[in-house]
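Lifted from Swiss-Prot, the feature list:
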ACT_SITE  E200  active site, proton donor
BINDING   H12, H14, H197, D278  Zn(2+) binding site
BINDING   H14, D16, G170, D279  substrate binding site
SITE      H221  site 'Important for catalytic activity'
Amino acid sequence: MIDTQLPLTDLHRHLDGNIRPETILDLAQQHNIALPAYELETLRPHVQITKNEPSLVSFLQKLDWGVAVLADLDACRRVAYENVVDVANAGIDYAELRFSPYYMAMKHQLPIEGVVEAIIDGVQSALHTYDVEIRLIGILSRTFGENACQQELNGLLKHQDKITALDLAGDELGFPGHLFQPHFNRARDTGWKITVHAGEAAGAESIWHAIKELGASRIGHGVKAIEDPRLMDYLAEHQIGIESCLTSNIQTSTIASLAQHPLKKFLEHGIIASLNTDDPAVEGIELKHEYTVAAPAAGLTAAQIRQAQINGLTMAFISQAERDALIKKVSLG
């Protein structure tokens, strides 16, 4: 179901949600960090979804063991490097890797700017070996409050030329978007693109706010848009991209079943929506699964799946020249 003549993109992929279980074990051993289990198979239920979680917040707790082993900046470099390797091994041509430097720094009180630098270094190092296109998106983790997000933003701004966009993620219900308006005003002044997690745990009003007040040109998840016909029209008319993550939405119990997922209706409505992974290591999936298993289960036709693949390229935070180069590179094999 993947058109190999077209670039394959993953635009919603959390670097800190894709720390390999093997790496968690290895780093814990290196740094003498206590884990709930010390064998891969017994650790897996603690770091990977084995059954659907009751909420987004409980799903996010699975990520905590991955960042708990980031005891130094070398560990951050390693997971950044491995993220690029995983993108290449998944056959993805272009990925936007997003990360929250505060979340990664928090457990071991690492310098936030140092974490940003380590992520950039790890990615650049991997790109010497692996022929993929990578862009970085900084995340403000709303869960930790406005002050933490300001520290996060400051660290990201120190390397603003290496960061493509800013995102807002975390506890959408507990920390609504209006708290972070000053942060996003600053980000837009910098020239960054804006994508926001919205309409996942909260309703359609969260999406409206992300677009109108935070300046989002793309929305992460956005499933609750289906509840507001006026918003559906607006998304289509203004070409606001929806970064759909099918498996993730089931595992967080945001949507009860793939058959009920609104992605098909988004595409039928002319909304530019794409297929993405979210947190591959935590979910136990890769992008191919979203195309070959999840999308058909969500009722998408082969033509709609191909359209979602095209949409990924359309929505990507790159210039038209970069888009054309990517198309040419893939078509030439």
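Along the chain as shown, residues are numbered 1 onward.
The backbone N, Cα and C atoms fix where each Cβ goes, and this holds for glycine too.
Annotated features, which come from Swiss-Prot, shown on the structure.
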residue	record	Cβ contacts under 8 Å, 6 or more apart
H12	Zn(2+) binding site	E96, R98, T195, G220, H221, E243, C245, N276, T277, D278
H14	Zn(2+) binding site	L63, L97, R98, F99, I139, A169, D278, D279
D16	substrate binding site	L63, G66, V67, V79, F99, S100, Y103, M104
G170	substrate binding site	L60, S100, S141, R142, T143, F144, H197
E200	active site, proton donor	L56, E172, G220, H221, G222, V223, K224, N249, T252, T254
Inset, instruction - May I have the list of same-chain residues other than H14, D16, G170, D279 whose Cβ is within 8 Å of the Cβ centroid of the recorded substrate site, in sequence order? - result: L15, G17, L60, L63, R98, F99, S100, Y103, I139, A169, D278
Legend entry - Any further residue of that chain within 8 Å (Cβ to the Cβ centroid of H12, H14, H197, D278) of the recorded Zn(2+) site: R13, G17, R98, A169, G220, H221, E243, C245, S248, N276, D279
Legend entry - Most distant Cα pair in Å, residues H14, D16, G170, D279 binding substrate: 13
Legend entry - D279 (substrate binding site) - helix vs strand vs coil (DSSP): coil
Inset, instruction - Name the secondary structure element type, per DSSP in three states, that contains D16 (substrate binding site). - result: helix
